[in-house]
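As recorded in Swiss-Prot:
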type     : residues                                                                                               : note
TRANSMEM : 15-34                                                                                                  : transmembrane segment
TRANSMEM : 54-76                                                                                                  : transmembrane segment
TRANSMEM : 86-105                                                                                                 : transmembrane segment
TRANSMEM : 146-168                                                                                                : transmembrane segment
TRANSMEM : 178-195                                                                                                : transmembrane segment
TRANSMEM : 208-230                                                                                                : transmembrane segment
TRANSMEM : 240-262                                                                                                : transmembrane segment
BINDING  : Lys265, Lys269, Leu289, Trp294, Asn301, Tyr302, Asp341, Cys345, Ala346, Glu347, Lys348, Tyr349, Tyr356 : NADP(+) binding site
TRANSMEM : 275-297                                                                                                : transmembrane segment
TRANSMEM : 317-336                                                                                                : transmembrane segment
Amino acid sequence: MLLDMDLGVLLPSLQSVYVLVFYFVYLAVAGEILPGKVIRGVLLSDGSQLRYRCNGLLALILLVAILGICAKLGIVSPLVVADRGLELLSATFIFCVLVTLALYVTGRSSSNKGSSLKPHVSGNLVHDWWFGIQLNPQFMSIDLKFFFVRAGMMGWLLINLSILAKSVQDGSLSQSMILYQIFCALYILDYFVHEEYMTSTWDIIAERLGFMLVFGDLLWIPFTFSIQGWWLLHNKVELTVPAIVVNCLVFLIGYMVFRGANKQKHIFKKNPKTPIWGKPPVVVGGKLLVSGYWGIARHCNYLGDLMLALSFSLPCGISSPVPYFYPIYLLILLIWRERRDEVRCAEKYKEIWAEYLRLVPWRILPYVY
């Protein structure tokens with residue numbers, strides 16, 4: 001009986017499918033009709049530029065308001081995600097597999113020569129399915145890469161809110177849960193306030209859309225980044241005042257470094273002459289920024305991201321390694337990504353890169369790494 005029950009919750013129910021369909025339809029419609037700043041993407045190799053409507057913040061606020069009203073009227077339960085988390089996870093996984101298979105088939109048959117849709121086929125089915133064939137595939141004029149990352153970030157907040165509602169109903173709401181919820185909500189809201197910065201990230205401008213990105217956006221971000229909330233739902237942790245203060249400082253410093261570094265990079269790409277910290281930017285070879293945070297470490301934004309990830313886990317205390325899965329995973333991922341980027345940059349910039357390394361010797365954490 002127990003085995004049957006455990007296997008049952010791993011299978012997608014009709015209700016979980018309905019939730020997923022409603023969610024995607026809402027995001028598609030809201031993304032098209034809600035007002036928002038239209039941003040030009042980076043210049044692609046064929047000279048084209050994609051346009052992105054950055055209305056994610058408005059779409060998120062409206063969605064939370066709609067769900068709140070529906071919960072108040074008894075139309076939908078705020079616990080639907082918390083109670084059916086595994087069912088939603090399995091439904092999302094199946095969707096990821098199906099949509100990436102469709103992307104593989106349509107990508108292989110594409111004859112488009114533009115940078116966004118030109119197929120890149122290696123001949124290895126698994127490789128092409130995993131890494132993708134096209135850079136910016138679309139469905140009914142919707143840029144799927146931008147759409148999926150938006151869905152993942154919003155999904156993370158919705159899962160957290162359902163966990164919060166569950167803890168209130170169970171009477172298990174704690175300082176730790178409140179702290180975790182506040183930090184994550186601020187991080188996610190800030191992401192959508194600065195959604196246009198996403199258009200200049202490596203994932204958007206260089207990575208093709210395959211299972212790796214789709215799975216990462218739709219399943220990995222919302223379901224694994226919320227592990228701390230799930231853990232706190234079943235484990236009560238009482239923090240001391242000094243622990244709360246330290247946790248807040250880690251979050252604030254991490255946010256300052258993360259947002260500041262990404263903002264400087266984004267602005268530099270848009271206008272290389274914009275002053276940084278009140279001074280003209282220092283640039284190596286006319287391409288590599290060595291001012292501001294980017295003169296402290298070559299990937300200072302990674303340091304901020306790691307501090308933020310740590311701040312999400314610190315409310316859980318140190319009694320278990322489980323809540324620290326996210327910062328540990330992120331540390332491994334960012335070191336791997338940083339190493340990969342260094343190789344690419346060395347090949348691309350050659351002598352300029354050697355001079356850049358001399359001026360900015362530290363990779364992520366100054367005087368340590």
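Using the three backbone atoms N, Cα and C, a Cβ is placed for every residue, glycine included.
Note that the structure is predicted; figures quoted are calculated from it, not measured.
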Note down the number of other Cβ atoms within 10 Å of the Cβ of Lys265 (NADP(+) binding site), including every protein chain shown.
-> 19
Write out the long-range same-chain contacts of Tyr356 (NADP(+) binding site), meaning residues 6 or more apart in sequence whose Cβ is under 8 Å from its Cβ.
-> Val284, Gly285, Leu288, Val290, Arg298, Tyr349
Maximum Cβ pairs under 8 Å to the transmembrane segment (146-168) - stretch from the list 15-34, 208-230, 240-262, 317-336 | 208-230
Smallest number of other CB atoms within 10 Å: among the binding-site residues Leu289, Ala346, that is Ala346
All-chain count of other Cβ atoms within 10 Å of Asp341 (NADP(+) binding site) | 15
Out of 54-76, 86-105, 208-230, 240-262, 317-336, which stretch touches the transmembrane segment (15-34) the most, going by CB pairs under 8 Å?
-> 54-76
Given 54-76, 208-230, 240-262, 317-336, the one sharing the most C-beta pairs under 8 Å with the transmembrane segment (86-105) is 208-230
Near the transmembrane segment (54-76) in space but 6 or more residues beyond its ends, with Cβ under 8 Å, are 26-27, 30-31, 34-39, 150, 153-154, 157-158, 161, 188-189, 192-193, 195-196, 199
Other CB atoms, at most 10 A from the CB of Lys348 (NADP(+) binding site) | 10
In the same chain, who gets a Cβ under 8 Å from the transmembrane segment (317-336) while lying at least 6 residues past its ends?
-> 176, 224-225, 227-228, 231-232, 235, 237, 239, 299, 302, 305-306, 309-310, 364
Other CB atoms, at most 10 A from the CB of Asn301 (NADP(+) binding site) | 22
Mind computing the max CA-CA distance among Lys265, Lys269, Leu289, Trp294, Asn301, Tyr302, Asp341, Cys345, Ala346, Glu347, Lys348, Tyr349, Tyr356, which the record assigns to NADP(+) binding, rounded to whole Å?
-> 22
